[in-house]
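Step one of this worksheet: look at the structure below.
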């Protein structure tokens, strides 16, 4: 490709040709570009994508990057097009000096996977410098006795360009005595020699002035001129001569300014002023003139500025010794600069990834190059990082290294690493360079939230206020950022009957649990559910914990008396035989409390009784017992008021009224069964059963009466006296029980007990007494008392 460069001041056009070369050597590819110096910034060097055989997508995906030696980047890669552009205008003389060819090295880094491709730019010289003489006038003294053919070297011109653009030829102005020859130095430089064609005559012309022109071969060529003044001298027989024509010496590059390098010596056999010598540099380059100086009187060559082996390894110069008569002699001095380990290794960071994911082994952290301009062992380098760090250095081509992770990192264990890269050379003493980089380990969502407990137990007292805070669950996540942001939730309960969403709510941000409504211990003593903690990562991770809510009982239920049932229409009556001993069990009050714990601990107390001191109740089991023997003075009917109280705070109580009927000769206490709650559906069936049973008993009773009457009529025995007692003979049904006692009730009663276990009800039916033929007064009185007794109980 061709690029036209316009230089405004001169209004001329310079054509720059940029071409691409692919070199394949030793199985590796080197991309070589050729660029003219002074090409404008941003100019196209080549299309890197095409030159590498990659598509633009591949070039971007693989993370192509241009690396230059040193810290100065000369090229830039245009990602959207794959073009390689100049980052700045390049000056060959500044970058390479007199070195030819001028080659600038760079590397192409493909990051994924890592691959280095060597590249170089051959910086082509343009003729942007004209030859220039260091002196405006060159003084040359020649003896008039010099013979034709004598050669007189002249000082050279300097041209910073190289190749054909540097000095290629010298010319001298037309004259009658001299012609000019252009010679080649061993280093390739051109120098002029003046050749005498015709003998000189001082008396005829004591001084001759000539114009010396230096010309390069650029396009267009450039020239430089100086004046040569030739002074014709009288005859002088002897010219100065050096002890040797070539001097070679070595000097350390760290030699201080002013240090002695070499002393050259010449002698002149003439006496007087013709034997006095002066020394000077002759036909020397700018580099020599800047680095060394010669003592004109002693011939000592001393260091003029600090030398640098890495810049120039040797100097070649001509030393001229001139006597007072104008004659001179010359010698060549070659100074070799010796390398010392004066340069510490340099580290140039090309790629630095300051944040890497925690779970990726062999992840590229940095790519860097190291260099040491010293030579030999002074330029050999070793590179390392600290021990016990999970990082490895992998060497690449041309002193490039890749720093990678040795294994997967764990941000939760260590979130930051300070890595010190140490580069040491092998010189004596060793010089070291250290570069510290900080690498942050980025988080990935590799840790699920962890609850502080696997299960939580929370207590809430029943009858709580709605929205009551009952407890808090807590989970932690070792990750960071959104990966550690935890959201709490209620998980569906295992029991489908548990309406969890109507009982409990949870704050999704902080895990606080609230009771949505008042809880009832008697309906629900405890329930369990699971809570979940989910982080904000992608994909999200979660965990769960068990929460058990225990409802604490409040004393909100009064005791309930199961037995005896309190029914206003039919008060419960217990029968107590008058012959009962003290401690006789009259009945037992049975009560329950729907509360629990001490709220359900019941105690019994006798509050009120018809006959104080006759009855007592056991506080813990509700048994009503007699406290003494009954007497004739005790009224036959007693009313007891009992209190059933729980142990809650505040306590609740219930009262029960008990009727006790004193009877003579009753051998067993009357133990009515408590009436329990019945299902209305069962009550109809039980009623039917009861009617059937009642009809059966009535029929049996009627048959018994008829049998009894028949037996009485058939008896042939006479009636007994008034003091006797007629006892019916024959078989009595099993439901007729003799209750004859020793007391006041000497008559025989028959009674029917109807007990139905299913209903818990009881009925007593007293029949009329079977009266013998009592004619005495006592028998009448007893009958009257019994009648009164019946009436008081409401029996007929």
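Just so it is clear, glycine is given a Cβ too, placed from its N, Cα and C backbone atoms.
The disulfide bond annotation in Swiss-Prot covers 96-102. The domain 'Cadherin 2' feature in Swiss-Prot is assigned to 138-242; the stated evidence is sequence analysis. Annotation source Swiss-Prot lists N-linked glycosylation site at 169, 184, 418, 567, citing sequence analysis. As annotated by Swiss-Prot, domain 'Cadherin 3' applies to 247-347. Residues or ranges marked as domain 'Cadherin 4' in Swiss-Prot (evidence: sequence analysis): 352-451. Residues or ranges marked as domain 'Cadherin 6' in Swiss-Prot (evidence: sequence analysis): 568-671.
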Task: May I ask you to report the DSSP-based helix, strand or coil state of residue 184 (N-linked glycosylation site)?
output: strand
Field: Among 96, 169, 418, which are recorded as recorded positions, the nearest neighbour of residue 184 (N-linked glycosylation site) by Cα
entry: 169
Task: Write down the Cα-Cα distance for residue 418 (N-linked glycosylation site) and residue 102 (disulfide bond), rounded and given in Å.
output: 40
Task: Over the domain 'Cadherin 6' (568-671), work out the mean pLDDT and round it to an integer.
output: 88
- request: Could you check what DSSP calls residue 102 (disulfide bond) once collapsed to helix, strand or coil?
  value: strand
Query: Rounded to the nearest angstrom, how far is the Cα of residue 96 (disulfide bond) from the Cα of residue 418 (N-linked glycosylation site)?
result: 38
- prompt: What same-chain residues, at least 6 away in sequence, bring their CB to under 8 Å of the CB of residue 96 (disulfide bond)?
  reply: 102, 103, 123
Message: I'd like the number of other C-beta atoms within 10 A of the C-beta of residue 102 (disulfide bond), please.
response: 20
Field: Other C-beta atoms that fall within 10 angstroms of the C-beta of residue 169 (N-linked glycosylation site)
entry: 16
